[in-house]
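Peer 1: The active site, proton donor annotation in TrEMBL covers E142. The disulfide bond feature in TrEMBL is assigned to C54-C322, C218-C234, C347-C358, C352-C405. For N339, the entry in TrEMBL reads N-linked glycosylation site. Summarising the annotation, TrEMBL assigns signal peptide to 1-26.
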Amino acid sequence: MSISHIDRLSWLLFALFTSWIVLVLGSADTKQTSWPLHPKKPVIIVWNAPTQDCETQERVKLSLDQVDIVSSPAQGVVGQALTLFYKDNLGIYPYYDTKDTEVNGGLPQSVSLSQHLEKMSKDLDTYIPDHQAKGVSVIDWEEWRPLWIRNWSAKDIYRRKSRELLAKKNSTLTQGQVATAAKEEFELSASNFMLETLKQAKSLRPNQLWGFYQFPDCYNHNFKGKMDSFTGRCPDVEYERNDELNWLWNESTALFPSIYMSSDLRSTDQGRLFVLNRVKEAMRVASVGDGLTPPVFVYSQPTFRKEMTLLTEVELLSLSGCSDLNNYFRGPMGRYLLNVTTAAKECSQKLCKFNGRCLRRAPDSAVFLHLSPTTHKIISQSGKLKVRGSPGQAELKAFRQHFKCQSCT
């Protein structure tokens, strides 16, 4: 991993985690929420990267003291605090492969739901053997989307195959009737498949936080050639489409949007707006329904979307990659994470008596929960980062002026 790669990593992680911390605390909604796994911790930081071999193979133990949950995305690892479920290890997920060959029936209306739930029960026994274990479970199913209109480009095969299936069963229907009925059948089957999956997951592993990766999405990638006018807002039609998924937000116990960023947005205010609006939309749909607001876990990554090859797993797990990453966590990244999590705790203590977390009063304002360098100092002590200091009067005034409390239970 070269120095230039570390520079990219530094900028991106700083930008994304700044936005994540502030935006998770930045909803205008004040509905009561629940503590995400750790009581009295307003912010949870999760490290989910294939770095488990750094210590065993390269003898480099990563300094992840500022991270609350460490897990590996590898499918062979079980019993973790964060579990990822893919298309081949949770039940019987229907899809078409890259050669347009159907797998498990191909379409949600062609799969046996009872067989899916039966296999799902066995898969949960494998990957989360403790039925009462607390943790986060993310279902990463990306082959098709439950709204018909969103299955564009390569995903159009699900619309085409749905029409073909219906036409075979009802040869007397017109093309228009087939199109309408196929859409209804697909969306009903897709929503039922996802809902029953969530219901069974919550029933069998009630202490896990369950949700689908990249839900909700904002589809605010319309900055190409329009940087000067880019506001970051989700297109109006996407707000409406997300409202059609209220059944999903009501059943999920956590939301997992992503803020993966194109290098086109590097070091720009448009990048901040891109992230802000994606997380704002997640916070908006999280407030759907009458129950507690589910926690929002924002996915970020240590590189830009178009530059994934810069940090391949092989490179990351080389001695240089592990060492550079460790130095980064012991240095700027670790310091920043400690800064924002400490600031979030201090605000929670002062405004919420440790019974909630701080929300921005004005969600779009550029105010941040950061420690003041005049009252706090981050030091390295016995190889670990520590914070010295306490909030001054100016910080306490800023807490009250810019933030309000969202109670947690």
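Think of each number as a place in line: the chain as shown, counted from 1.
A Cβ is built for glycine as well, from the same backbone N, Cα and C atoms used for every other residue.
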Peer 1: Select one residue from C358, C405: among these disulfide-bonded residues, choose the one with the most other Cβ atoms within 10 Å of its Cβ.
Peer 2: C358
Peer 1: Three-state secondary structure of C54 (disulfide bond) from DSSP?
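Peer 2: Note: C54 (disulfide bond) is helical by DSSP.
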Peer 1: Neighbour count, 10 Å Cβ-Cβ cut-off, for C352 (disulfide bond): what number do you get?
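Peer 2: That number is 20.
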Peer 1: By CA distance, which of the recorded positions (C218, C322, N339, C358) lies nearest to C405 (disulfide bond)?
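Peer 2: Ranked by Cα distance from C405 (disulfide bond), first place goes to C358.
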Peer 1: Compute the C-alpha separation of C352 (disulfide bond) from E142 (active site, proton donor), stating it in Å without decimals.
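Peer 2: With the alpha carbons as reference points, the distance is 39 Å.
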Peer 1: According to DSSP, which of helix, strand or coil covers C352 (disulfide bond)?
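Peer 2: SS state of C352 (disulfide bond) = helix.
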Peer 1: Give the helix, strand or coil assignment DSSP yields for the residue listed as 'N-linked glycosylation site'.
Peer 2: helix
Peer 1: Counting every protein chain present, what is the number of Cβ atoms, excluding its own, within 10 Å of the Cβ of C218 (disulfide bond)?
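Peer 2: Excluding its own Cβ, the number within 10 Å is 23.
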Peer 1: Out of E142, C218, C347, C358, which of these recorded positions is nearest C322 (disulfide bond) by C-alpha distance?
Peer 2: E142
Peer 1: Determine, using Cα-Cα distances only, which of these recorded positions is closest to N339 (N-linked glycosylation site): C54, E142, C234.
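Peer 2: The answer is C54.
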